[in-house]
Amino acid sequence: MSSNSDTGDLQESLKHGLTPIGAGLPDRHGSPIPARGRLVMLPKVETEALGLARSHGEQGQMPENMQVSQFKMVNYSYDEDLEELCPVCGDKVSGYHYGLLTCESCKGFFKRTVQNNKRYTCIENQNCQIDKTQRKRCPYCRFQKCLSVGMKLEAVRADRMRGGRNKFGPMYKRDRALKQQKKALIRANGLKLEAMSQVIQAMPSDLTISSAIQNIHSASKGLPLNHAALPPTDYDRSPFVTSPISMTMPPHGSLQGYQTYGHFPSRAIKSEYPDPYTSSPESIMGYSYMDSYQTSSPASIPHLILELLKCEPDEPQVQAKIMAYLQQEQANRSKHEKLSTFGLMCKMADQTLFSIVEWARSSIFFRELKVDDQMKLLQNCWSELLILDHIYRQVVHGKEGSIFLVTGQQVDYSIIASQAGATLNNLMSHAQELVAKLRSLQFDQREFVCLKFLVLFSLDVKNLENFQLVEGVQEQVNAALLDYTMCNYPQQTEKFGQLLLRLPEIRAISMQAEEYLYYKHLNGDVPYNNLLIEMLHAKRA
């Protein structure tokens, strides 16, 4: 911040748990934007003991054994980076034993315990750390961990003869095939994600859209407005204040899948999941995007992805809130003050951004971060999240030759294209090309939520206090997405890589959108008390 007073205001806000986005940032004339009460405020987030066990501490830091390296697919060595580690103790695995890959030591321990019907007790609190160096200290906790990661009691022979009950053969065969696919994919693709730097420089002189699009206004009049049933969504209501639709998440410790993703070093952060998932279909209800490619059962969805789905907002409720807000905006204006179509679109995008911020602040992992890190991540990716949200809406709901709005209305694409300026037309064209690519890939809801988290937890953001957590989330989500695509789309061997290659395209479109929005803002077409502009100023500061 440029002045002592601005810094003092910001520090005072932080003391009370609130930080204005864009406060003290310069406007187009170089003057600081005051920290008005109408700006979005972020609450001071205290780190919860969320359980990638209890070792995050006050700083929200990840435990040492989860300090993972940045996810890259350049020069990936299968032997080094995809080497299997025992899920019980972290030692090198020797093969499939009693339901999953384990080391020789844990195999023998599990077999002796079951065959001899041993009963152990723990002299501590039944949460002893089990690793290669101290796996023999507490047999009780070691055996419990064997069971929790999926070793099967029924696979041990009761007659003490060598060799287990080989009823898991098909599962082992499938798991081996999956690993070979991973190895081939990683070696073949050699992906390196780089953000595209091409941004169209030409700015349009003006934007006028045909009155045919004005059906947005008339359609909104037909929707019954029930303010009692809808929480307020205006600028005086911060999306960082708990609302009736805020999501609640169980502690990490209760999530079975995290034992695979979050408890071991980076080379073990892979979702092999030899046994079926326990999550029920009801655990992913509440999200209305029903994609055409929904063929996978919960048994083939990594547990981490199921938890990401739980963070998703209720789309009909978001749609109703935005429509109610637009109704109220129009009702409060006289005939001569009615919003232009462009102004209406800006309000629509602005309210969509509010819902995205609400989603982020209630999401798993993100809420573990301190306020400063949350602000930096959101300021970095807000436009990408908006574009991704729009793109996915078109993939799922859009019809050929039309644009599907967040309010649930279809607008003729050709009308917008014929009336828009050069830059907006180009931007829309690129967006439609991306929609077509994702449709051809059969882009689905599970992949959508993974990409959202990959965009939000960007490794490009500098000066993060808890970069290790961001890095860990990137690797976990990448691993879950890889497993999901391999398991559910085996015929599309390159799908994982193709999805990742869409991220630079989303970044390029978002950069174009930011430039266009800033141009319209300089022309006075977008008001200051707008979250889009506050975010834009914060990113450019």
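Backbone N, Cα and C define each Cβ position, glycine as well.
The DNA-binding region feature in Swiss-Prot is assigned to 83-154. Residues or ranges marked as Zn(2+) 1 binding site by Swiss-Prot on the basis of experimental evidence: CYS86, CYS89, CYS103, CYS106. Positions annotated as Zn(2+) 2 binding site by Swiss-Prot, on the basis of experimental evidence: CYS122, CYS128, CYS138, CYS141. Feature annotation from Swiss-Prot assigns phospholipid derivative binding site to GLY421, ALA422, THR423, LEU424, TYR516, LYS520. As annotated by Swiss-Prot, compositional bias 'Polar residues' applies to 1-10. What Swiss-Prot records for 528-539 is region 'AF-2', and it gives sequence analysis as the kind of evidence. Taken from Swiss-Prot, the feature zinc finger applies to 86-106, 122-146, supported by sequence analysis.
Using TYR516 (phospholipid derivative binding site) as the reference Cα, a 10 A cut-off selects none from the binding-site residues CYS86, CYS103, CYS106, CYS122, CYS128. DSSP places the residues of the zinc finger (122-146) in helix, strand and coil in these numbers: 8 helix, 0 strand, 17 coil. When secondary structure is read from DSSP and collapsed to three states, LEU424 (phospholipid derivative binding site) falls in the helix class. Each residue in the region 'AF-2' (528-539) gets a DSSP state, and the totals come to 9 helix, 0 strand, 3 coil. Across the DNA-binding region (83-154), DSSP helix (H, G, I), strand (E, B) and coil residues number 25 helix, 8 strand, 39 coil.
Put plainly, the binding-site residues CYS103, CYS106, CYS122, ALA422, LEU424 were compared by Cβ crowding within 10 Å, and the winner is CYS106.
In this structure, of the binding-site residues CYS89, CYS128, CYS138, the smallest number of CB atoms within 10 A of the CB marks CYS128. For LEU424 (phospholipid derivative binding site), the nearest neighbour among the binding-site residues CYS86, CYS106, CYS122, CYS141, judged by Cα separation, is CYS86. Annotation for CYS141 (Zn(2+) 2 binding site): same-chain Cβ neighbours under 8 Å, separated by at least 6 residues, are CYS122, GLU124, GLN126, ASN127, CYS128, ILE130.
Confidence annotation: the DNA-binding region (83-154) carries a mean pLDDT of 90 in the model.
Rounded to a whole number, the C-alpha distance linking CYS89 (Zn(2+) 1 binding site) with LYS520 (phospholipid derivative binding site) is 58 angstrom.
When the Cα atoms are compared, GLY421 (phospholipid derivative binding site) and CYS138 (Zn(2+) 2 binding site) turn out to be 70 Å apart. Taken residue by residue with DSSP, TYR516 (phospholipid derivative binding site) is part of a helix. Every protein chain shown contributes to the tally, and the Cβ of GLY421 (phospholipid derivative binding site) ends up with 17 other Cβ atoms within 10 Å. Within 8 Å of the centroid of the Cβ atoms of CYS86, CYS89, CYS103, CYS106, where the record puts Zn(2+) 1, the same chain has further Cβ atoms from LEU85, PRO87, VAL88, GLY90, ASP91, VAL93, THR102, GLU104, SER105, LYS107, LYS132, ARG135.
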